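Going by Swiss-Prot, these are the annotated features:
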{"type": "BINDING", "residues": "His83, His182", "note": "heme b b562 binding site"}
{"type": "BINDING", "residues": "His97, His196", "note": "heme b b566 binding site"}
{"type": "BINDING", "residues": "His201", "note": "ubiquinone binding site"}
{"type": "TRANSMEM", "residues": "33-53", "note": "transmembrane segment"}
{"type": "TRANSMEM", "residues": "77-98", "note": "transmembrane segment"}
{"type": "TRANSMEM", "residues": "113-133", "note": "transmembrane segment"}
{"type": "TRANSMEM", "residues": "178-198", "note": "transmembrane segment"}
{"type": "TRANSMEM", "residues": "226-246", "note": "transmembrane segment"}
{"type": "TRANSMEM", "residues": "288-308", "note": "transmembrane segment"}
{"type": "TRANSMEM", "residues": "320-340", "note": "transmembrane segment"}
{"type": "TRANSMEM", "residues": "347-367", "note": "transmembrane segment"}
Amino acid sequence: MMIMRKTHPLAKMINHAFIDLPAPANISGWWNFGSLIGMCLIIQIATGLFLAMHYTADTLTAFSSVTHICRDVNYGWLIRNMHANGASLFFICLYLHIGRGIYYGSYLYKETWNVGILLLFTVMATAFMGYVLPWGQMSFWGATVITNLLSAIPYIGPDLVEWIWGGFSVDKATLTRFFAFHFILPFIVAALAMVHLLFLHETGSNNPLGIPSNCDKIPFHPYYTFKDLLGVMIVLTLYLSIVLFFPDILGDPDNYTPANPLNTPPHIKPEWYFLFAYAILRSIPNKLGGVIALVLSILVLALFPLLHTSNQRSMTFRPISQFLFWVLVSDLFILTWIGGQPVEPPFILIGQVASILYFLIILVLFPIAGLIENKILKW
């Protein structure tokens, strides 16, 4: 008799994706982040669903409904803190996942990579709209500033902004539609994640050496199911430590003040995971130029497969590219720091230099390093 997981139509799909999937024998802990992002998505959808049961998307009651969740709902404080910090965990895992993809040349799986970029944009949109919902000061002013950037688009810009707002300013209509979109987008993210996996399983996983691993494969279960489970337990421990001991460490104190359109906070800034892009936006004095740079800061990822000049896939044996990679990582930390600082000297200049360096490394220095390394190795 055949095993059911190999014959049943539904079980067969799960079997091919998570049980009998042939996986490279040498993939490291850096390959754990895919499953961790999946875990984050499940946590966010589950906690978000329970929050939505008690939240009201109305400008008059949104802030007090969040207060009600934290004070009066059973374990509401826990659900709210898990959801708020779950977003930070989500982006930490996403950025590490992308960094792994760049370091080990995973971007050469073009379809998987491009769906991944689409996923990043969708998750960013979801997180931005979610940040508006508590209707605190930073929620309101963040929504006002970021949506207003669209007015820089020539000809259609001003009309587009009013269309998104549903009026002449960020108000009840904006909050209601942001709640609707924030609720539906995670399910679109889940669907895109399945497409991401579908494309990945067409080619099989990459590995740290960046060479074909067809001659050395092992079944996903039990080896990588338990390896992923270890990663889940470690990350959950760190995550719950933040949630239970330091729930407000990553938030903005201004968001504990109800939204007031008549009072602007001294420093308007997004959540920490958008600060690098915000710094790039602010480093260009022109509004349209800033918006273009903001979009390109993420869209530039799509150019990685086209700019790959090395004859080796991975950076494992490429010291010049490795050096540039870690300079890029350091540069992103500097941009994140600058994004949270006021627009005044010396932060303006540091932000401009870091922004130029960001694009310079990706568009110019990485391809040149690849060619130099080919020459050194006489390939």
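Positions of Cβ are set from backbone N, Cα and C atoms, glycine also.
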Consider the binding-site residues His83, His182, His201 and say which one has the Cα lying nearest the Cα of His97 (heme b b566 binding site).
His201
If you measure His196 (heme b b566 binding site) to His182 (heme b b562 binding site) at Cα, how many Å is it?
21
Restricting to the same chain and to residues at least six past its boundaries, which positions have a Cβ under 8 Å from a Cβ of the transmembrane segment (288-308)?
98, 102, 105, 107-108, 110, 113-114, 117, 120-121, 124, 149-150, 152-154, 276-278, 280-282, 355, 358-359, 362-363, 366-367, 370
Given the binding-site residues His83, His182, His201, which one has the fewest other C-beta atoms within 10 angstroms of its C-beta?
His201
10 Å Cβ neighbour count around His97 (heme b b566 binding site)?
19
At the level of the C-alpha atoms, what whole-angstrom distance separates the residue listed as 'ubiquinone binding site' and His182 (heme b b562 binding site)?
29
Inside 10 Å of the Cβ of His196 (heme b b566 binding site), count up the other Cβ atoms and send me the figure.
21
